[in-house]
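Below is one structure, written out as structure tokens; the observations come after it.
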Amino acid sequence: MYQAMEVESTSPSGFFLDFYTQSTIPTTDFLNNTNSSHPIRDEKLVKIEIAVLGTCFTLAIINNLCVLLVLLWRRKKVRRMQMFILHLSIADLIVAFFNILPQLIWDITFRFMAGDAMCRFIKYAQMFSLYLSTYILIMTAVDRYRAICHPLSNQTWTPCMVYCKIFIAYAIATIFSIPQAILFQMQEVNEGSGIYDCWVHFEPAWVLTAYALYIFFALYLIPILILFFTYGSICYTIWAKYRHAIKTKKDANTRYPQRRKKKGVILRTHSVHGFSKAKLNSVKLTFAVIVTYIICWSPFFVSQIWWLFDETVVGNAGVVVILLMACLNSCTNPWIYLIFNRNYISNVLPCKCLRRHRVEVAATTETERLSLGSVRRDSRKTSDPKRISESRRISDARRISGKTQKNNSSSPRKTSDQFIYSDKTT
């Protein structure tokens with residue numbers, strides 16, 4: 001979130017700047033009169049901020065609770081990828097309750113109404129939630145990187161490894177948020193004004209630039225570089241294996257041209273060029289979450305760097321609206337997960353007719369799977385001459401054996417009947 005902070009400059013009077021200290025929206029406190037010691041807000045813009053914050057808070061709570069409900073409903077079958085999604089939803093809920101909600105209340109009251117301890121805690125929690133959400137996303141990308149690029153080492157994974165990565169994300173968020181609790185405190189907005197707020201005075205002025213760059217590197221640039229490396233490696237590995245599979249297929253067709261004449265051969269559907277569909281789906285899911293993260297946060301950090309070199313951007317309504325995109329990230333992550341896992345949504349549908357439809361779809365899928373397996377077996381039998389001759393030989397042998405057994409079993413019965421008939425006639 002953002003809160004206006006005063007920076008002591010060389011000019012006679014101080015001025016208020018919007019600066020990123022939370023997870024979503026900056027407040028619009030600024031001086032209309034440079035000779036005034038009290039900031040005046042743009043109330044129209046504040047109302048827009050409050051409306052957007054309230055909407056984002058509601059959507060973040062509802063959407064992430066839906067994801068948690070789906071995952072907890074399937075808690076006995078939760079896979080490693082879903083564990084990361086579970087904690088990402090928890091992080092987004094922390095963003096909603098400890099970042100968006102305090103900022104919403106703060107915008108309504110204009111001044112922070114709690115004490116110094118609560119001021120430091122809220123500021124710490126706001127940054128903690130942001131770091132946690134970001135670094136859980138990074139650990140998810142690292143896990144997909146190991147699964148795709150290093151499959152042999154990935155074979156030995158245990159649930160403990162997943163929990164270790166999640167613990168690392170929590171530890172990084174805990175440590176990186178400490179400066180926020182040190183800098184902010186309840187103090188006078190302007191010395192001698194008698195107005196107290198959860199505030200920070202950056203003295204000298206270069207401390208503000210240093211802290212802004214610290215947040216930029218820790219929360220955006222370094223995570224983006226890690227995400228680019230992991231997904232660049234994943235894309236290259238998938239492309240290389242796809243190319244190798246195509247080359248191998250061409251070589252096989254060149255060496256054994258008669259195989260190209262086979263009919264009725266159905267390819268396996270649970271894997272694509274050595275990767276399972278579930279693994280590829282998890283890669284697509286993580287990639288979508290990362291792209292959304294970049295889209296939501298890039299305008300904010302670009303504006304922050306711009307603000308460091310151009311102070312006239314402060315109070316610009318257009319810039320504030322652009323910065324509102326950052327809070328959408330906690331709302332969009334659940335949508336992405338549910339879109340990529342539509343079959344899980346039916347697990348929590350309360351309507352019996354919808355559940356019946358789910359069962360019918362599952363039965364149809366199972367029938368198609370079984371029929372596909374039978375067709376595949378039949379195609380293998382009909383496409384191989386050796387199998388055809390072997391199956392015919394076995395069936396002929398069984399038919400001859402059955403006739404022999406029938407003749408052997410029917411002969412004594414016929415003889416016995418003849419004896420009985422002869423006895424009666426005599």
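Heads up, the Cβ atoms here are built off N, Cα and C, so glycines get one too.
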Tell me if Leu45 and Asn341 end up on the same side of the membrane in Swiss-Prot.
no
Here are some residues: Asn32, Asn408. Which is flagged as N-linked glycosylation site in Swiss-Prot?
Asn32
Just confirming the record: what cysteine out of Cys56, Cys66, Cys198, Cys235 does Swiss-Prot connect to Cys119 via a disulfide?
Cys198
Among Asn35, Asn407, can you tell me which residue Swiss-Prot lists with the annotation N-linked glycosylation site?
Asn35
Among Cys119, Cys198, the disulfide-bonded residues in question, whose Cβ has the most other Cβ atoms within 10 Å in this structure?
Cys198
Can you break down the topological domain 'Extracellular' (106-120) into helix, strand and coil residue counts using DSSP?
9 helix, 0 strand, 6 coil
The topological domain 'Extracellular' (187-208): DSSP-derived helix, strand, coil residue counts:
3 helix, 8 strand, 11 coil
